[in-house]
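J.: Starting off with a structure, shown below.
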């Protein structure tokens with residue numbers, strides 16, 4: 001059995017397009033655009049002049065609008081001026097009426113005003129005094145509260161420090177005791193186990209005191225020995241210096 005032939009004939013697309021001939025395009029071509037009718041230079045000048053002049057109808061419409069706008073502005077100004085004049089006249093009338101009424105009631109109002117002003121000033125002084133007292137009391141209370149808070153904080157801090165020191169000392173003593181128990185467990189296992197912790201701590205402190213006293217005694221002995229040696233050396237030097245002078 002032979003293989004099937006799957007080959008396809010190659011067709012050149014350019015050659016196929018040429019064989020079909022020119023395409024019938026719908027619409028204007030590039031040549032139509034290039035060959036379009038164009039105005040002469042004189043016609044262009046006329047169009048530009050017309051644009052500069054503008055249309056007569058638009059100019060007439062603008063003139064009418066301007067006239068109407070001017071009339072409206074004048075009316076509005078007249079209204080404002082008349083309103084301002086009337087308001088100024090009303091104010092002047094009110095001032096005159098107040099002056100007339102003030103002349104008649106000046107004598108009666110002066111006495112009442114003086115009494116009311118004095119009473120108002122006294123009330124204000126009392127209110128200010130009360131406010132000052134309240135402010136002083138508040139400041140005094142706040143200072144006392146702050147002082148008490150600081151004292152309580154300092155006491156708490158001292159207590160905490162003491163507790164921490166006691167705890168550290170106890171821990172150190174317990175650690176030292178545990179080490180010494182391990183060291184001396186072979187020699188005296190029963191005595192260390194039978195005693196309570198407090199008694200054992202006292203014994204350890206007594207032993208520490210004894211060891212410190214023994215160390216002090218040993219240092220004193222060594223100092224005495226050194227002094228004795230220096231004294232003997234001085235005696236020998238004196239004897240050696242005096243021996244050649246004697247014959």
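Along the chain as shown, residues are numbered 1 onward.
Backbone N, Cα and C atoms are what each Cβ position is placed from, and that goes for glycine too.
From Swiss-Prot, for reference:
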COMPBIAS  70-80  compositional bias 'Basic and acidic residues'
COMPBIAS  89-102  compositional bias 'Basic residues'
COMPBIAS  103-119  compositional bias 'Low complexity'
COMPBIAS  128-140  compositional bias 'Basic residues'
COMPBIAS  165-176  compositional bias 'Basic and acidic residues'
COMPBIAS  211-221  compositional bias 'Basic and acidic residues'
COMPBIAS  222-239  compositional bias 'Basic residues'
MOD_RES   82  phosphoserine
MOD_RES   191  phosphoserine
MOD_RES   192  phosphoserine
MOD_RES   194  phosphoserine
MOD_RES   196  phosphoserine
REGION    19-38  region 'Disordered'
REGION    70-247  region 'Disordered'
J.: Which number gives the other C-beta atoms within 10 angstroms of the C-beta of residue 82 (phosphoserine), all protein chains shown included?
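T.: Residue 82 (phosphoserine): 10 neighbouring Cβ atoms within 10 Å.
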J.: Please list, for the compositional bias 'Basic and acidic residues' (70-80), how many residues fall into helix, strand and coil according to DSSP.
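T.: Reading the DSSP string over the compositional bias 'Basic and acidic residues' (70-80) gives 11 helix, 0 strand, 0 coil.
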J.: DSSP on the compositional bias 'Basic and acidic residues' (211-221): how many residues come out helix, how many strand, how many coil?
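T.: Reading the DSSP string over the compositional bias 'Basic and acidic residues' (211-221) gives 11 helix, 0 strand, 0 coil.
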